[in-house]
Every structure is written in C-alpha cells, then in structure tokens.
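Structure, as structure tokens:
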Amino acid sequence: MAAFGIATGGSNWFSALALGVTLLKCLLIPTYHSTDFEVHRNWLAITHSLPISQWYYEATSEWTLDYPPFFAWFEYALSHVAKYFDQEMLNVRNLNYSSSRTLLFQRFSVIFTDALFVYAVHECCKCIDGKKAGKELTEKPKFILSALLLWNFGLLIVDHIHFQYNGFLSGLMLLSIARFFQKRHMEGAFLFAVLLHFKHIYLYVAPAYGVYLLRSYCFTANKQDGSIRWNSFSFVRLISLGLIVFLVSALSLGPFLALNQLPQVFSRLFPFKRGLCHAYWAPNFWALYSALDKVLSVIGLELKLLDPNKIPKASMTSGLVQQFQHTVLPSVTPLATFICTLIAMLPSVFCLWCKPQGPRGFLRCLILCALSSFMFGWHVHEKAILLAVLPMSLLSVGKAVDASIFLILTTTGHYSLFPLLFTAPEKKSLFLIGWKLSTSLAWDLWKSSVNLYSLSPPGT
Amino acid sequence: MFGDYEAQRHWQEITFNLPIKQWYFNSSDNNLQYWGLDYPPLTAYHSFLCAYVAKFINPDWIALHSSRGYESQAHKLFMRATVLIADLLIYIPAVVLYCCCLKEISTKKKIATALCILLYPGLILIDYGHFQYNSVSLGFALWGILGVSYDWDLLGSLAFCLAINYKQMELYHSLPFFCFLLGKCFKKGLKGKGLVLLIKLACTVVASFILCWLPFFTEREQTLQVLRRLFPVDRGLFEDKVANIWCSFSVFFKIRDILPHHIQIMISFCFTFLSLLPACIKLTLHPSPKGFRFTLVSCALSFFLFSFQVHEKSILLVSLPVCLVLSEIPFMSTWFLLVSTFSMLPLLLKDELLMPSVVTVMAFFIACATSFSIFEKTSEEELQLKCFSTSVRKYFTCFTFLPRIIQHLFLMSVITMILLTTMTVTLDPPQKLPDLFAVLVCFVSCLHFLFFLVYFTIIIMWDSKTGRSQKKIS
C-alpha cells in the first residue's frame, strides 16, 4: 500500500500527464477517421500477404506504398499482431475494410507506439534547466514542456482522429535532438538516419543536421572568437558518421537495390506528378501564389484582357490532386520550389556554419529549415507544420521571445489543421478541448516566461 | 437508441405541440405508454425550451407523431449540446463555487477537489452516455446546499425546491434540508428570530411550488394526475436489477411475489425511516454544515437501499453529497464513488459504454490518488473514526487494527470489482441463470453500500460525542 501510495504521490506529475493523455486517446477511438486509415490497413495487407519484391509494385488499391522501407517493415511487424484481431484486414482485396476489431487494433497501435514519443519527451525534459523556476508545479518549465508536447493538440487531431503514426516518428526526432543536447552526437545521428528511412518528409530538416554535425562535431574545437578552426577537423568522426548513414541506408534500401527496384521505390517516394498543392491547401507560399493567380485571372476575364478559351479547365481549388498550370503567373516547377526552399534555408544554415551556438543554435536552424520547406516545398501537406511546432516547444520554455513566437505558431498551425476534422461532433469536441488546452497552456507559458529561464548552457 | 434519448426527444415533441393541460394525460396525441412524462413540471418546461430551439434548427425533430425514433448526426449533436449547456450553466458553476468556499485548504487542493468532483465517472457516463439531465437537478440541489450552509437560507431553499420540481428523486435529500433548517430555527429560538425564519422558509417553499405547478393547480384532476405519474405506486418494490436491499434480498426470498402490495410499501417505509432517523434527529438538535453534508449522504443512502421503486441511477443522488466530503475523507469517498460507478455496470454495458467507463474510472482514480494521496490517509484520525475507536477500545482494548482491516477490504473490493467486470464482459452467463452477472454486481454493490451506510452513520453519531464532551470540558 505504501509503495503504491508513493508511486501515485503528488510528485509524479509526468506519469499522470502521460496516463491522462493516453486515456483521452482511448476516448477518441470511435471518432471519425480519414482515408489514411484505409491507407495503413492496405499497407498492413501488402506487407503481410505479398513478398518484398511486390511491395512497391502492388497497385490494387489507389493508396500505394509511398513511405521508405523501414516503415514498410514496421507495418509488417504490426501485421503479425493484427492477425490476432481480424484476419480479414490483411487481405489485399478487402478495400475499405473497417470492422470494429480493425478499428480497435489500428487505434491501439498508434496509442501503443506513442510510448516512444513519451520517452522522447522525458529525455527532452532532462535537457531543460529550471533552476530559476517558481515553486508552483505549473510554473516549472519541465512541466510546461511535458504538457505542451504530450498534450499537443495538433498531434492529437492528426494521429488519433485523422489517423497517422506521427507520434513515434516525432518521438524519434525529439530523441535525436535530446541526444545532441546530451552530447551524444553519434546516437543522435543514428536516430535521425533511421527516422529518414521511416518517413522521408524529415528530409525537410536534413540540412540542419548535416551542417551541425559537420561544423560542431567533425570540427572538434573552435578559435577564441567562435569561428572555425580548420586544423581541428577529425576524419575519424566524419568517417564514423558516414558509416552510420551508409549502414542504415544499406539496411533499408539494400534489399531493393538487390532486386533492381530502386527507381520504382524512388518514384513512389517522390511522386512529383501529384501537383504543386495538396487537395486541402497547406497554408504556404504557393497557396498565396495560386490564390493570387486565380484573382488575377478573374480580373483579367472581367476586363477582357484574357481569352477565355486559353484558360486551362483544371482548377486548383477543386480538391483534387493533380498537375496544374497557372493562368496569369508563371507555372511553378519542382525545381523552382527546390531553389526557393534552398534560398529560404540559406541564412539559418549559414549562421549555423559560421557561428554555431551549440545544440540550441542547431534547434533554431532545424525549426527554420522545417518552416522554409513548409513554406516553399512541393506538394506540402498541412500536417507538416507539426515538424516545426514540436521542436519549437523546446525553445519556447527557454526565452520569453521564443514563447511569444511559439504561441502564434502553434495557434495558427493547429487552426490550419481544422479542415482535417470532417464531421461536426469531432469539430465541437476538439474545439472545446483545444481551446481549453491552449488557453491554460498559454497562461502558464506567459507566467513562466516572465521569469527568465535558460536551457542547458550552450556547448561548443 | 430507443432509451432515455428517445424519451427526452419525445418530451420535447409533446411539450411543444400539445397544450399544457394535455402533457400528463393519456390521449390519442399523447400515448403515455410510449415514454410518457414522469418527471415534475420543471423538466417539462426545460423540454419545452429545448424544443423551441430545435424548431429553429430543424422542425422535423419535434414534429408530432412523425418524429418518433428520429435519429441523425445533427440531432444527436443538438441533444448532447443541450446536456452540455445545462451542465455549464448550472452544475459546473455550483461545483466551482463550492470548492472556492471550502475552508482551511490551499488553493491547489481546492482546484484538485473541483477537478475530481467534475471527473466523477457516474454522472458523466449517465448524462452524456445514457442521456439524462441529472446535472440540472443535482446542480440545483448543490446550489441549495451552498445557500443553506452559508446562511443564505431563503435562496438555498428556493434552489432546492427547484431541484425537487425538476426531478422528484431529489426528495431523497429533502429530510436533511428540513432537519437542518428546523434545527437552525430552534437554535435561533422559536419565540423570536427562529419563528420569523421558519415562516419565511415556509413561504419561500410554498411560493416556489405554486410558481412551478401553477398551470396544474387549476383543476384537482390535473394535480392528481401529475402526482400519479410522478409516484407510480402500482409499479412494485423494485424494477430491473438495482443494488438495493430488496433486490438483493429477493435472490434468496422472492419478497415481491409473496407479500401483498401494501405490506411491501409499509416495510420499505419503516426500514427507510428507521435507518435515517438517528442522523436526522442529531442534525435537528445540533445543526452544522459538516453534519448536514454527512446526513445528506446517509439519508440518501438509506433511501436508496430501502425505498420503493428505486432505479440504479438514483445512486447519483448519494454520490453528490459524497463528492462534497471528498476533501474531508478522500480515501472512503473515492472508494464509494468507484463502487457507485461499478453498481451501474449492467446499465453501462447495455449502452455499449465499456471503453468510456473504463477510461473515465481510471482517470478519476488517478486524479484522486495523485491529488489527495489517498493511500496515505488511512489512519483512524484521517478516517474520522477516532472517537468511535476510542469508545470501542473501552470495551475491547485490542481494537487497534481498524485501518489495516479497511485497507485490506479496499484491496479485496477493487479486485472483486475488476474480476466481475471482466467476467461480465468476456463470459456468457449459464442458460439457467441469464442474469447471473447483473445480479452478482447488484449484490456485491449492495453489500458495499450497507458497509458505507454503517460507516457514515458512525461518523455522524460519534462526531457529536466529541462536540458535546469538548463543550463540557471548556
């Protein structure tokens, strides 16, 4: 009795937070789910029923496998548990199959794999220095960070309603960031390499990783003023990093290289035929660009400056995923978006190279890379904003300036996710929860940012 | 879902389309067999209000006759929203205000108490899962308790009258209110201020009743018919499976079939009043807010266990006062509230609420365990049994093991509840005894409730002794 009492005593708020949000996720099981549910069921079926050589060729369903091989192996592992719930879901021909057991299994798999995310949050909290914190639990930066990450409203909508597996993937990313803070760079690099082969969207932030590791890990020391000391370059470190990346990639892509399927895999992973904007527009630059194009074309038609016959019939606002030509402004090619993204990333990457400020500087660069790619990338999903929001939480408990930026970012980011909630009951309940969460967390954030905390001292 | 959800929708249909005089009467337009109105007028007025709003959104929802069994996503959203709005307007502010006014505890504890009370699984599951408006009547009762405890007697009694006029089950709480207010009048002296207060209270009560029942006082037949609907004495000692004495007793002795009707009523009347009399007398002689709260618990529990035509949802009437003493005896209160939710298990399973039940019970348990550190508060003093134990030790000097017994009982109780839940969900009952698990759940819960009745009565009775002896000393 006494031991149980101590375990559930008032000081173990982290477990209470984690358990609380897990219980909330259980309540979200019967809510609306999107086509992503069928996508993952299909992938379970493909990886379970077909040999590896067929995985990236199978096209019975329109939702073909378009994540890297590690995710396919992950689905394969899940399918072995799935067969105890409902054997029928593993049949490739059972399109849109969603019995109650299938739903239960899939939802529980997301909740279960979120354990990695919980562990990553725990590790991130260790990197926070809360010495100047107040006595109140709700003012401690560790508590605020845990609440911001574990109860992240956007993650709840995307993972537990809309249905995706971003929880454990974000967990991998946060874990690699935490390892960098703890000076365990090799582990961090390994985790990121693995992450890339789970979901290649994390290429958005790869430049930050690359530059940081090269600058702050391969060059072991700096000059007095912080600039680069060329003779401190360590080939050993460079080679070991390269080896890690090579081994992970070999493990992932090796089998497909042996089967001569690499071009097919890459065409699935990078489907440039899908068009500049997703069905629901991500709120990025190209959305504004297309909107401007539409406005100008309407004005042009009104003022008889444009010939109606020359205007392409396909519309960007039709909600379909397809190639598109702009009418007034020049059409955008994938290469153009790539160049714009690179230009947007350049300042932060440049700063990371010239004046590294340790893990905190790396974190800033990572967030900026994620935001640049979100802003100018090709076929960006609105869910990609989570790549910027989650790491930003780490910065927000550090300085007041970051906290205020975070408040704007998280509010607009989560608001932009609302179109994912298709049905009215979900909208109502999540709006209530989200409003409650954001107001209470905003209040705590504001109160804590009034006292100045700092993250662990910048390493060199 | 053709349960209470349809009943509430039907009442909106009836109250909106028919004149007041026909609401409680059987007619071609109003078939009382199909979910006839059986709550007092305030419920009817509330349904009328909701129907008015429904008309703006979609008149099909309340169209006479043609809307029977109407079910759609939008309608479900509307109905659930009405429960939420009622909750937000009446119940939640009462809970928050109650916790703010608690004395001698820190702000953090106040917030924790409010959170735990609001997380009580029973009310959430019944109101939002099964579909009812208990939060309105319980909210009004809570406003009544607040008013009366802090000497706003007239407002308190008005609020409580509103509660009774919303759901007649609130009569379970009426005796403690009556005794407490009477006790206050006695204390103030029946020759002066006390008499004035008594008259004012009487006038308030009568006025509020008249106000609520005004349309039904025009004819004697109207009033009688409403009363007949509210108190269906023809229906028998109990219905379905409920965790009270009569249902559990009937497992061994088919009391419903053997004894004639009027004897059943007499027996239940006697047992009910015998079990609550000591506490009520004590409250009249020594009125105090603390005594009031505990008497509410024991009275409501007596009524639940021994009264006529009790439904399993009536346990919520006991749970509300227990929530109010959560900060004083967290361990026993948490235990009781868990058992009360468990006692409604057959009903919850019928509504397919297994997952929400498990989740909310776990959330509630974690919230209470972390906020109050309940497992550290099992000493005699914490359980408020110190005086009782001291008295018993005068005769049995070795009576020191009470906390340990209670801890072991708690463990056994939790294991039994988990076991029974698992069995009910996974196993099929044997052919000869199709209601086996429901009966077992009721029986086990009934034993628990008897134990709690004894416990709370002991607290009330022995609490006076310290009060009196302290007065003697000083």
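Using the three backbone atoms N, Cα and C, a Cβ is placed for every residue, glycine included.
A TrEMBL annotation is a machine prediction, not a hand-curated record.
Annotated by TrEMBL as transmembrane segment, the relevant range among A:262-284, A:400-422, A:423-445 is A:400-422.
Counting Cβ pairs closer than 8 Å and at least 6 residues apart in sequence, the transmembrane segment (A:400-422) and the transmembrane segment (A:235-259) reach fewer than three and form no contact. By number of Cβ pairs under 8 Å, the transmembrane segment (A:143-163) is matched best by A:12-33 from the list A:12-33, A:104-122, A:235-259, A:335-354. Within the same chain, the transmembrane segment (A:189-214) packs against the transmembrane segment (A:361-380): three or more Cβ pairs sit under 8 Å, each pair at least 6 residues apart. Long-range contacts of the transmembrane segment (A:335-354) within the same chain: residues 207-208, 211-212, 214-215, 227-228, 276, 285-286, 361-362, 364-365, 368-369, 372-373, 375-378, each at least 6 residues beyond the stretch ends and with a Cβ under 8 Å from a Cβ of the stretch. Counting residues 6+ beyond its ends, the transmembrane segment (A:104-122) has Cβ neighbours under 8 Å at 14, 18, 22, 25-26, 28-29, 37, 40-41, 78, 81-82, 85-86, 89, 145-146, 149-150, 159-160, 163-165, 167-168, 170-175, 178 in the same chain.
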